[in-house]
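**Student:** Have a look at this one before I ask anything.
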């Protein structure tokens, strides 16, 4: 979900909202994993459709609902929806096949790949510091996934569910990075409410196309978990947006990595997942690289601001 610029209300409140939003999103992932072996397309539908309700309620409360769907760029929203659904589907596939901490940590590859794709597709200038951080971060991803990737050399590799989960998680991170580039383009002309509602609506419709490919009857508990996951998804987006309204992105963004701690704790308490040494070591490497990139982008932003301020006025 995109965020508006911070308005400087209260930094501590922004950090608190970010941590709460991360907790809600981890709760969403926990519900999805607890629902068991449900087809990814079916999970995407529940996650997208039931997220609409808290979002609509919030926008109605703010008086922004009437114009939320108004756009001059419907095809851009649909394109973002197609890419986003692909990323979500693969991410949920991975989540149902990997330990919770590993699934969460592998998703940290996304911001690293955003840097790479920004250079390749958008022509952004990325200097040696950020390239170095990306290389270190991707090395951390390799450390996390190494036990599963080594199985690819065996005959049973592609039949191993965790191997498939790691592959799906890495592809999902790459597709999600592309989705973020599309969002960067949309945010130049579209309101946050418009982007969020269009995505949730588009994803709900697109996920229905997977209906003939193995949707299954759910138990009452599975249905309840997936409905709750959808509500958590919508609530998490609202809280995340509020967080960035109260504090600068460079202050708030690093707290995204608290999800790793939550994943380790919840994974152990709920699913009995014992976090591997590879996941812990690789996760620390990826988190450090991600925080460095955030810090470096803040420094570059400050440099650009100083340059504009120092530039002589024309005329």
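Yeah, the Cβs are placed from backbone N, Cα and C, and that goes for glycine too.
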**Student:** Of 148-165, 166-183, which span is tagged transmembrane segment by TrEMBL?
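**Tutor:** Result: 166-183 is the stretch TrEMBL calls transmembrane segment.
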**Student:** Tell me which range among 24-42, 43-61 TrEMBL lists as transmembrane segment.
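**Tutor:** Going through 24-42, 43-61 one by one, TrEMBL flags 43-61 as transmembrane segment.
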**Student:** What stretch, picked from 166-183, 195-215, 221-244, 251-271, 277-295, has the most CB pairs under 8 A with the transmembrane segment (43-61)?
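**Tutor:** Stretch with the highest Cβ contact count: 221-244.
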**Student:** With pairs closer than 6 in sequence left out, are the transmembrane segment (128-146) and the transmembrane segment (277-295) joined by 3 or more CB pairs under 8 Å?
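**Tutor:** Yes; at least 3 Cβ pairs under 8 Å.
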**Student:** For the transmembrane segment (251-271), what are the same-chain contacts with Cβ under 8 Å, counting residues 6+ beyond its ends?
**Tutor:** 6, 11, 14-15, 18-19, 22-23, 25-26, 29-30, 33-34, 99-101, 103-105, 108, 243-244, 280, 283, 287, 290-291, 294
**Student:** Which residues of the chain, 6 or more past the ends of the transmembrane segment (221-244), have a CB below 8 A from one of its CBs?
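**Tutor:** Same-chain residues near the transmembrane segment (221-244) but 6 or more away: 1, 3-6, 14-18, 20-22, 24-25, 27-29, 31-32, 34-36, 38, 42-43, 46-55, 58, 192, 196, 200, 252.
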**Student:** With a Cβ cut-off under 8 Å, give me the same-chain residues at least six positions beyond the ends of the transmembrane segment (195-215) that come close to it.
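**Tutor:** Contacts with the transmembrane segment (195-215): 1-2, 39-42, 44-45, 47-49, 51-52, 55-56, 59, 68-69, 71, 74, 77-78, 80-82, 84-85, 88-89, 183, 186-187, 234, 237.
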